[in-house]
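Reviewing the structure listed below.
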Amino acid sequence: MRQLISPEALRAFRQSVQGSVGFVPTMGALHAGHRSLIERSRQQDDVVIVSIFVNPRQFGPQEDLSRYPQTLDADLALCEAAGVDAVFCPTAEALYPRPSDRSTGVQPPAELIQSLCGRQRPGHFQGVATVVLKLLQLVQPQRAYFGEKDAQQLRVIQRLVEDFNLPIAIVPCPTVREPDGLALSSRNRYLTFEERSQASGLYRALRAAAECFQAGSRDSQELVAAATAVLATTPAVQLEYCDCVDADSLQPLTQIPDRALLAIAARVGTARLIDNLTLQGRRPIIAIDGPAGAGKSTVTKRLAQQLGLLYLDTGAMYRAVTWLVQQQGIDPQDPIVLAELLAQADLQLRSQPAADGSEQLQVLIQGNDVTAAIRTPTVTAQVSAIAALPLVRQFLVEQQRQLGQRGGLVAEGRDIGTHVFPDAELKIFLTATNAERARRRALDLEAQGLTVDLAQLEAEIRDRDRQDSERAIAPLCKAEDAVEVLTDGLSIEAVTDQIIRLYRDRGLGDSSPQATPGQTPSPLSLG
């Protein structure tokens, strides 16, 4: 691991590395929450860079800049243990060679900084946006990782990247909590033992409001009242604000639609703590990841049918783009022409009732129903090459996320739960032993009249797993909060029923497994 002090050294390091770069900006005093960001980057990126910089321009005159925890040696040890490739530890003079009144800064949109912490900390988000833009320009990562605990900061940075057309994916990462729910924060170390015992009241307050929301309340005053009632029992917690705002614009809400951000800030002793929860009124999302041959496609389709959810056929989306490329006669290896095509593409998935009463997926692109056309041999022959293109992947992930805003779907892939739908209500990692997956593959091949060598099949499976886990685009990885389901020896029905029980146990729905009369258990096939 390299420790870099000057921007010049960082640029030299950046020019010396190849592959995708992930970036985790921090102010030091690292804890398990920071480590989760690093581990997420380590899963997805070839090179991981962490910055440690206490940014003076995001602190107000009466704030804790002078006493912010400084634990550089411990931070470097954590980074090295987590597999970080380089840590950038600049001085304030290196990043800010001129006084603030003589240097360019970033002014975030007023709508994003007038509420929540923006009211209490004037100038804070200007300082955050300025330093983040500087760091992103220096590091030039493909991805940058930020925690959802700092929800307002995250939204400001997302808008920054959008407005400046930076070719960087901002990856939101779930809040990491103590067993009693307290969100991890570098400022937690300010708390005394007694204050620490009461600080968890912040999360209990948020949960009380969330339960009120799940019970049907959509009035923001009722939700805030439910939260503040909990804090009345924690005298050490001095509430600064508790607000319901739009999850995207951060504007205050009186009535809650399908999605909102419930945010809270309080003083506990000398520590200022913040936390939040996203209130989701939409139907749940189930994200299913896993290696090839675990039965993902088969189980996902059955789950969608039994739970009344949309089966998000990501493969059909890639096929639709392939069909469009072929119809337009463009060279998919020409990134400029491909980018123009995707910018104009209108891709829609619709759920239509089938003759047997089930739901059937209809795929439209540019207004054309291509449900049947995308299954032709011509499309099949080219879809793998098209799907491997980063521009296509980026376009379709955005399309999938837009569909996910409505909820009520189940999707499968390699990184659905970690990248496409990191906020999915239920994440499943469907897997099977190599021997079981080889056996299933052998059965499929034998049904086609082919002879097979099980040892060779197992070796091929191990090699594919390695390639899928190390690939630059959409690597196979298990989400930290995913439930692993081993499918060895289980029928499709048994696996589906197990996932439905998990779905119901989480209070996501009351659907129960519905067997078709006369149906016999079906073996899992390749997914």
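Yeah, the Cβs are placed from backbone N, Cα and C, and that goes for glycine too.
Since we're looking at a predicted model, the values are computed, not measured.
Going by Swiss-Prot, these are the annotated features:
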type     : residues                        : note
REGION   : 1-277                           : region 'Pantoate--beta-alanine ligase'
BINDING  : 27-34, 147-150, VAL176, 184-187 : ATP binding site
ACT_SITE : HIS34                           : active site, proton donor
BINDING  : GLN58                           : beta-alanine binding site
BINDING  : GLN58, GLN153                   : (R)-pantoate binding site
REGION   : 278-527                         : region 'Cytidylate kinase'
REGION   : 507-527                         : region 'Disordered'
COMPBIAS : 511-527                         : compositional bias 'Polar residues'
What residue among the binding-site residues MET27, LEU30, VAL176 has the most other CB atoms lying within 10 A of its CB?
LEU30
Filter the binding-site residues GLN58, GLU148, GLN153 down to the ones within 10 angstroms of HIS34 (active site, proton donor), Cα to Cα, kept in sequence order.
none
Proximal but sequence-remote residues of the same chain as SER186 (ATP binding site) (Cβ under 8 Å, at least 6 apart):
MET27, GLY28, ALA29, LEU30, HIS31, TYR68, PRO69
I need the CA-to-CA distance for GLY33 (ATP binding site) versus GLN153 ((R)-pantoate binding site), whole Å please.
16
Cα of the residue listed as 'beta-alanine binding site' to Cα of GLN153 ((R)-pantoate binding site): how many Å, rounded?
11
Measuring Cα to Cα, how many angstrom lie between VAL176 (ATP binding site) and GLN153 ((R)-pantoate binding site)?
17
Return the residues near GLN153 ((R)-pantoate binding site), defined as same-chain residues 6+ apart in sequence whose C-beta is under 8 angstroms from its C-beta, sorted by sequence, else 'none'.
PHE125, VAL128, PHE146
